[in-house]
Each structure stands twice: as structure tokens, then as C-alpha cells.
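Here is what Swiss-Prot records for this protein:
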- 19-39: transmembrane segment (TRANSMEM)
- 48-68: transmembrane segment (TRANSMEM)
- 95-115: transmembrane segment (TRANSMEM)
- 119-139: transmembrane segment (TRANSMEM)
- 155-175: transmembrane segment (TRANSMEM)
- 180-200: transmembrane segment (TRANSMEM)
- 227-247: transmembrane segment (TRANSMEM)
- 284-304: transmembrane segment (TRANSMEM)
- 349-369: transmembrane segment (TRANSMEM)
Amino acid sequence: MVLANKTTASTRSGAGRNLYWLLLLCLSGVALATDIYSGRIDTPALTIVAPLWTSTLVVTLLGFWAVPMLRSLKASQVIQEDGPQSHLKKAGTPTMGGIFFMPVALVLGWAWVAANSVNLLEVSAAVLLTLCLGLVGWFDDWQILRKKSNKGISAKLRLGIELGSGLIFGLWLFLTRSDISGLALPFGLSLPIGVLFLAISTFVVAAESNAVNLTDGMDGLAAGTSAIAFLGLALVVAPSWPGLMIFCACFSGSCLGFLAHNHNPAQVFMGDTGSLALGGALAAVGLITNTLWALLILSGLFLVESLSVIAQVTYYKATKGPDGVGKRLFKMSPIHHHFEQSGWPEVRVVSTFYACVAVLAVAACGLNALS
């Protein structure tokens, strides 16, 4: 029995590692191919593949120091007792991994853009918004570790900061950009929204950051899907916003570098420090470049994860009987746990979700090309 368990664990470890290498090769190939096709390869500093590979390498190497450090600091993930029973074995795995891969993405992205003098103001704004949400996530992680429970800062406080950050960011864009009051749509169409842009900005920042946060529930899930989404967004904004293309490439690469330590079985989790910041970075680029339609497609999986939680809670409350117990739409939410509870191995769920985001990325890039 012990030998069988070891064999199963070894097989899962190999499957997670193989999935990581497949994703790394695929994203690298796409980045290189599009750089060659577009002619960007003639100017290596303004390609996608160069910052992507650089950030991947830096984060991968940094992880060999950061992960043991987090472990020595006893920054261990608190596992929910009412969560999937298979996750109990993850107890003791260090969390707050966002503290070593997010700074690489932010610093490298900003420095790369500054060195090439492209879209520096816009990238600086994206860095500030991402940093703000990352700090909120870090404080939440710290409170969870300090209390040894899953209760960090209050949900109202966290949501308030997210909404406030989105409002301030939107106000800056609205006051400095004359084109931002029209919501860009595919095929050159535009929807005049005027001051409603502020409400959209506020919602997008909060929704995107929380959606990525909800997706971070399996080894390699949030990191891998975010890497694909950032590369897709980089391809969408590349023709008009080379600086933000580089910013997205650095984030995609940093996610891949983190995934080297986060693939199944994970040696570290990103925590709210990483997931909230990733969502904030995606939202920032979508808002600045007025490509929210593309962001909506690229974030389709994150949206489904969020909707599954909303639907689960709503249905449970609506069907609550005299005994105070309601019915559930899913075996567990977010929806990735539903598949896990249905008997799917983690790696199968994660690989399926990777494929879904890849299809969405192709759709977003294809629609952008047609437009």
C-alpha cells in the first residue's frame, strides 16, 4: 500500500512537471513566432520573447532562495477543514509567494520600458495600481498567518480598498485621456459612456483582482492561466502600446517562473499577495489601452470561477429550508473544486483550464486581428 501511494505521488509529480514544461514551450513558441511574424525580432529590446524569457529565468532562480526562506519563516498555508480533503496534505506548504515573483515583474517591466522610453507614464500607473493591490494581498496574507486561520482583513475593508483603487485609477484616466470616454468594441466600434467610465473602472479593478484570487485554489492553476492571459493581452496591445506589451510579457514570464515552483505538487503558493496583484495588472492594462472587450474574453475563465461562487451562494440561500440548510448547485465552489470533488485529478483540472484560457486567448487575438 505504501509503495502504491508513493508510485501515485510520483506519477502526479511527473504529470505536473510535464504540464509545466509544455506550457513553457508553447508560450515561448507563440511569443517567438509572433515576434518574427510582426518584425519585432529586428529590435530585440521591443520584443515579447526577450522580457518573457528574462523574467521567467530570474523568478525561477530567485525561487530556489525564496521558497526555503518562506519555509524557514513558517509562512505556511492554512488549509480550510471544510475544503477538499485531498488538500489537507498541502498543510505546511509556504504561501505568500507573490513577494518574490511580483517585484520581478514590476521592477523588470518598468526598467525595461524606461530603458526604451515607450509608454513610461502608462506603465508607471499600471505598476502603482498593481503594487497597491499586491500590498492589500500581502497584508491579508500576513493577518492570516498571524492568526493561524483563514480570516485575514475584513472583506469590507479589502473590497473598499479595491473599489477605491479602481475609482482613483479611472479618474486619472478620465481626466488625462480624451479618448477614454468611449468604450472601444471590436471592428472599430465605440460605445460612448462618458462619466460612466469611472463606474466601469471601479468595477473592473475589483472584479478582476477577486476573480484571479478565486482561481488560485489548485497547484499551478492561477499562475498558468494568468501566464496565458498576459501573453494574450500582450499580443492584443502590441501594435499600439509597446510599453504595455513589455509589461504584460514580464508578468507572463514571472508567472511561468513562479510556476516552476508552484506546479503540482506545489512547493509554494502565491497567496493573496500574488493573485490580487495579477488581477490588478490585467485590469490596469485593459483600462489604459481601452481593450476591455479583449480583457473580458481573456478573463473568461476567471469570470466563470467568480460566477460559480455567486451562483452557489445565491442558490443555497434561495433554497434554504426550515432547518437552515439549503441546496447546492455544485459539489463545491469555485467550480474547479467541483471537478475535483467529481473525481478529476488536480493536474487534469488544471490542464483543462489551461486549454480553455488558451482557446479564449486565440479568440481574443483573432478578433483583434480582424478588427
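Glycine is no exception: its Cβ is also placed from the backbone N, Cα and C atoms.
Residues 16, 19, 23, 26, 186, 218-221, 224-225, 228-229, 231-233, 235-236, 264, 291, 294, 297-298, 300-301, 336, 339-340 of the same chain lie 6 or more positions beyond the ends of the transmembrane segment (349-369) yet place their CB under 8 Å from a CB of it. By the Cβ criterion (distance under 8 Å, sequence gap of 6 or more), the transmembrane segment (119-139) is counted as touching the transmembrane segment (284-304), at least 3 such pairs being found.
As a quick check, the transmembrane segment (227-247) and the transmembrane segment (155-175) miss the bar of 3 or more Cβ pairs under 8 A, pairs 6 or more apart, so the two do not touch.
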